[in-house]
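Peer 1: Here it is: the structure, laid out below.
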């Protein structure tokens, strides 16, 4: 079974994946698999460009694949980690990214971009709001989903997180000023 651990940068994917690996799970990153299968197209501005379609066609991995593109690999299960954009902004500030890249990622989180893509590519999709959870709580939620725990799968079914409605008052106020 192929399980994608995905989400906007800063939601906790790498930290969760590292701990799951320590607990004995078979974990790989999208970049590791792309290197193994010769699916790296280019490196632009220090970022690796991956041919995701080729990788999805060639992948023979059984386990957890971590990365913000992992849900595009046609996984059996996609677990999308989410984070309130206000908190996510603080998490991403320390990454020395341009304001443009920061805003692009915040916008993607607000608009559910990765969740929507996961729903298009994965057989089963779950979403976990990591905003106020400890790392251990997130890991426990991920493990429960992997185990097939019915309560966890019900609790983390997609559609429960809506950042835009939380910001609705602010958006309306802004629109009145325009």
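Going from the start of the chain as shown, residues are counted 1 onward.
Glycine residues also receive a Cβ, built from the backbone N, Cα and C atoms like all the rest.
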Peer 1: In Swiss-Prot, the ATP site includes 10, 12, 13, 14, 15. Which of 23, 58, 95 does it also list there?
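Peer 2: So, going by the record in Swiss-Prot, that would be 95.
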Peer 1: Quiz question: given the binding-site residues 10, 12, which has the greatest number of C-beta atoms lying within 10 angstroms of its own C-beta?
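Peer 2: That would be 10, with the most Cβ atoms nearby.
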Peer 1: Please find which two of 10, 12, 13, 14, 15, 95 have the most distant C-alpha atoms, given that the record lists them as binding ATP, and give only that distance in angstrom, rounded to a whole number.
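Peer 2: Value for the max Cα separation, rounded to a whole number: 15 Å.
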Peer 1: Between the binding-site residues 13, 95, where is the Cβ count within 10 Å the lowest?
Peer 2: 95
